[in-house]
Structures are given as C-alpha cells and as structure tokens.
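According to TrEMBL, the features are:
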- 1-28: region 'Disordered' (REGION)
- 1-15: compositional bias 'Basic and acidic residues' (COMPBIAS)
- 144-161: transmembrane segment (TRANSMEM)
- 173-194: transmembrane segment (TRANSMEM)
- 206-224: transmembrane segment (TRANSMEM)
- 254-275: transmembrane segment (TRANSMEM)
- 282-303: transmembrane segment (TRANSMEM)
- 340-362: transmembrane segment (TRANSMEM)
- 374-394: transmembrane segment (TRANSMEM)
- 414-432: transmembrane segment (TRANSMEM)
- 439-461: transmembrane segment (TRANSMEM)
- 473-496: transmembrane segment (TRANSMEM)
- 524-647: domain 'STAS' (DOMAIN)
Amino acid sequence: MGDPADGNHETKEVDGGSLPSSNGQEPYVHKVGIPPRQNLFKEFQSTVKETFFADDPLRSFKDQTRSRKFILGIEAIFPILNWGRSYSLKKFRGDLIAGLTIASLCIPQDIGYAKLANLAPQYGLYSSFVPPLIYAVMGSSRDIAIGPVAVVSLLLGTLLQNEIDPVANPEQYRQLAFTATFFAGITQATLGVFRLGFLIDFLSHAAIVGFMAGAAITIALQQLKGFLGIEKFTKKTDVISVMYSVLSSANHGWNWQTIVIGASFLAFLLFAKYIGKKNQKFFWVPAIAPLISVILSTLFVYITHADQHGVAIVKHIEKGINPSSVKEIYFTGDNLGKGFRIGMVAGMIALTEAIAIGRTFASMKDYQLDGNKEMVALGAMNVVGSMTSCYVATGSFSRSAVNFMAGCETAVSNIIMSVVVFLTLEFLTPLFKYTPNAILSSIIISAVINLVDYKAAILIWKIDKFDFVACMGAFFGVVFASVEIGLLIAVSISFAKILLQVTRPRTAILGKIPRTTVYRNIQQYPEATRVPGVVIVRVDSAIYFSNSNYVKERILRWLMDEEEEVKGDYQTRIQFLIVEMSPVTDIDTSGIHALEELFRSLQKRDVQLVLANPGPLVIDKLHTSNFATLLGEDNIFLTVAEAVAFCSPKLAEDP
C-alpha cells in the first residue's frame, strides 16, 4: 500500500539552485482550466451512456433511411440474416466437418452430463438439439459450440437435489429443472436487454480459475461411483464425504469388471488427448475418441453380457425428439421461488463461461463479439429450451476448441451438430442401451481434467497474491464444502478485493527525476530526489466517502514521517505539502470535506496545502464547493514542477 517513508529508504535532496525558479525571475504559471458547466440532464445522460452504451450500439443506424434502420434492427436480433447473405459452399465445407466432429464429441458427453444433473440421459441430448439451433440464428460468435457443460450440470444437479430428491420424486425434480432453466434464460436475456453485462465482470478471473478447478475435482470424484461400480453412494459433493463413501464400500461395493472397462478406456481417452496436444493436425483424434469408446465398450458389454456380472449400463434412452415441457414449468407455488433462485445462479455461471469462451475465440480470429447480444441469444435459447425438455445449455470450452480447430466458419457448425443429435434421437438411441456407466464416467473425467488450470494458478500467484487467495478460496470452498459455498466464497472475495481497493487506495511520496522536471514515486525510482521543505504526495484513486477519511489520515501520516526525518537530520522544516491529483478522477462531498479538514490541520502546523493537476470533474467541484477560494487559486497548479517552482522562492525567503 505504500507505507510510511518505507523503512530505511535512502533519499537525496535537491538544492535551490536546481529548481526552475532559482534564476531570480518569477516562473510562468499555467492556470488549471475550469471546464464549462454541464447541466444536470446532460451530465446524467453522459453517465448513463458510458455505463450502458459504451460500445455505441446504434452507430450503424446513423444517417440511414427508415427502411434501412428496420432491416438493421432485424439483423441485430438475428445476425444470421447478415452473415447468411455471404454464405458460400466453401464455408459450408468447413462448417460440415466441424459440425460432425463436435457432434461425435457431444453425444457421449451429453449422456454423461445429464447424469451429473441427475436427469435421464435423453435430456442431455435434447439440450444439444434445440438450443444450438436458436443460438445459430441469434448468436454472434462464429466459434462457440452450444450444449450442456460439466460445471453447470453439476451446479444445477447439486442445487436441485437440495430442494427435491431426484430418486424419490423424479417428476417434480424434472419440473424444477425446467423451471430453473426458464429463469436462467430470463436472467441472461434481461442482462442483455438492459445492457447489464458488466455485472458478470465482478466475478474475477482468479475466482473463476479456482471455482472451475474445484468443480473439476468434484465432478471427477463424483464419477468414482460409475468408474468403480458402486451402487450406494453419497449425495454430498465434498471430498471428505465422497472419499469416505468410496473407501467404506471398497470391500463389498466395487466391481472389478467395471473398473477394468473404466480404466482401459480412460487410458485410451488420455492417450488420444496426448496425441491431439502433441500434433495439432490430429485434433480430431481426441474429438472422436469418446464416441469410439462408447461404441467399443457397448459392443464389449453386449457380446460378453457383462451387465449380468454387475457392470451397470445406461439401459433405456427415450427415443424421439424433444417433447414439449411448457406445462411442466412452475409458474406458481413454492417451487417458483426455488426455480428462480437456482436459475439465476446457474444462468450467471453459464453466462460467464460462454462470454469468456466467445471472447477468447473472437480475439483469435480478430472479430468483435457483442456481449449484450450474446446474453440475449443465450437467454432466448434457454427459455425456448426450458419449454422443449432441455436443461441449462451454454458454450462448452472443449467443444468450442474442437470446433475452432476443425475449421468452423460460422454458427452453421452448431446446426450440423444439432441435425446429427436429431438423427441420433430418432434412430440411434436404442444402440446406447448396453453402454456401461463406467465409460461415461471415463469420458467426463477426461473432459474435466483440462479445467484444472494449474499454470494459470501459478501465474496468478506471481502477479497478485490477493488474487491467489480468491482463487484458492473458491477452489477449497468447492472441494471441501459444496459448489454453492465455493461460488459464494469466490464472489465474496472478489467483492472484498474491490472494497479494499476502493477504501484503501494507494498513495506515494514523489521525488524529482534528475535532469528532468518529472516527479515520480521514490520507491519505484530510488534516484529521485526530494525537495527540501516540501512533501509531494500522490493519491492514486478517486476520493469518495468510502476512502476520504483514510486519504486524509494517510497524507497526514506521510507528513509526520517526513517531519520526524527532517528533525533527525536538521534539514529545512516542512512548509509545503503538494498533493498530485492527476490520478484522482472524481471527488464527492465527503472528499471535499476531507480536504477542508486536511487544510485546517496543515494550517495548525504552519504548512501550506498545494494541489497539482486536478482533473475537470475535480476542479469543477472544488470551485462549486468554494474550496478553491478557501485554499486560494494561487495554490492550485497545472503540474508538480510548477507547484515546486512556486514554493521554492518562498522557501528561500524563510529565515
């Protein structure tokens, strides 16, 4: 935080001869300009515009005819009408290959992710049929692949089973899942329509890294039930409960045939991933490996009748496309509130993941992604999805990466994937009857391993220790408590960091860089020299009610530290305190009041307060509050150098 005099920091001093004013002539002083007064309406309008419309979304509508504006409005809602006009056979080839590749990856993943959400396997497939079609029409990302994802599936499953037992009341549980999906979509669309996308930025990158890693560990541990063939398994997600459940069933609950199947195909999947990472030309190997694993393991179980020897299988998957679920959504009663609460949390997490993925791939291909349009598209697809037997869908990182590597050109790759899922639902679901649960567990474990980004955690540690605390807090919260506790810790630590930065802004003592008129932090530039009789302090933040008292007291502590050092060295006593205000972007009434108190405290010490380079908002408020008159306009300068030049002759005159 920049603490007192910073220990035994050695400083040099500038003699009067090196100051700009020492030539006997009065230096020319530039007055700080006062901006023209804005009326209240214009000021409010400007603030609202910068908050909600910083990207100027209506720029393309300027100077257009009414009919053209109507067309542009329709294209803004349905981007496919814009890029679809220039669609070509060449682009279709790329989209076809990418769509088929991600379909081979999504089908086995969807069946497994549905189990994570405690839903029947077909609901995972349903969620990769309708939502991708809606997104392809309304979404603006060319690369994102839509469907269920592991983290959201686990989060949804955990929150839903806390309210309703999926085994005892499967129908009510399913209805609550559709209700939560509906409100997840409403939350996402609302954030987009009202341009509140900046709210998701409050969940820091470090917290997301920790949360995702914790969720990955939790998901992998949950898969031990299918991987080891355990029938009775804990419903809790924390590592202690899961490991106790696993170890307590070791003697009588594990099935060796299941373990052999699971371990063999997990090794195959990890080897396929290794090949894909080793040579990017073979990106398709890890993409089709899950489907190959499902086909081979299903054939093995069918031929050997392993299901009769304790190997758990998927059994029945409902055939046919999504049935309507409009009547199953709770719009009244207690479950409405539960669904709304769960949906809001799941919707925000799904949104954070999708926007992060979309922006990542957009930057790789050098195109702009409108975050608010994305939110509306994601919200619309989940609202429609909730009415067609889907649960929360979002952008999948693993599938989007495969989509990107496969050479997708547009969102048509999502349509291709959706068509393949449709054909699977209509004709191929009976073939999955003998698919062992162990293979689904292996697929999920291999998929979530990449969510543990230890390299990112190491980088966070190197860059910012407080960010690392947020990362680890979220990680341990998920692993040792629950997904919702981990999420709560992640959000809490992120907000705590914001509050700490707002309430305890950094301050610094400045010195003069030799042979220049530049003044910089003496900690960063040890060669910087202090001016005798002058203390120069920089405040690195806006001054608001939340930090005004701290800023005042911190400046006084800097002054006291300097005064003690001066007494010890028998140097010129401190007569001027210059506050460099260029980083102070704004000030409120509490900030003005703190400056008034600082001014009076300095008067009692016979020290003159001087301000340097206040910004337009700040200088306007200083004049409006009459503080500029109280301080004296002659004590407000354009630069620190001019302020020092003004103080120097007075220091020389002092006996």
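Heads up, the Cβ atoms here are built off N, Cα and C, so glycines get one too.
The transmembrane segment (282-303) makes contact with the transmembrane segment (439-461), as judged by at least three Cβ pairs under 8 Å among residues 6 or more apart in sequence. Of the Cβ pairs linking the transmembrane segment (206-224) with the transmembrane segment (414-432) and spaced 6 or more residues apart, fewer than 3 are under 8 Å, so the two regions do not touch. With DSSP classes pooled into helix, strand and coil, the tally for the domain 'STAS' (524-647) is 63 helix, 22 strand, 39 coil.
When each of 144-161, 340-362, 374-394, 439-461 is scored by its Cβ pairs under 8 Å to the transmembrane segment (254-275), the top-ranked stretch turns out to be 439-461. Long-range neighbours of the transmembrane segment (374-394) within the same chain, counting only residues 6 or more positions beyond its ends whose Cβ lies under 8 Å from a Cβ of the stretch, are 77, 114, 117, 119, 123, 126-132, 134-135, 138-141, 146-149, 152-153, 156, 177-182, 184-193, 197, 322-326, 329, 343, 346-347, 350-351, 353-355, 358.
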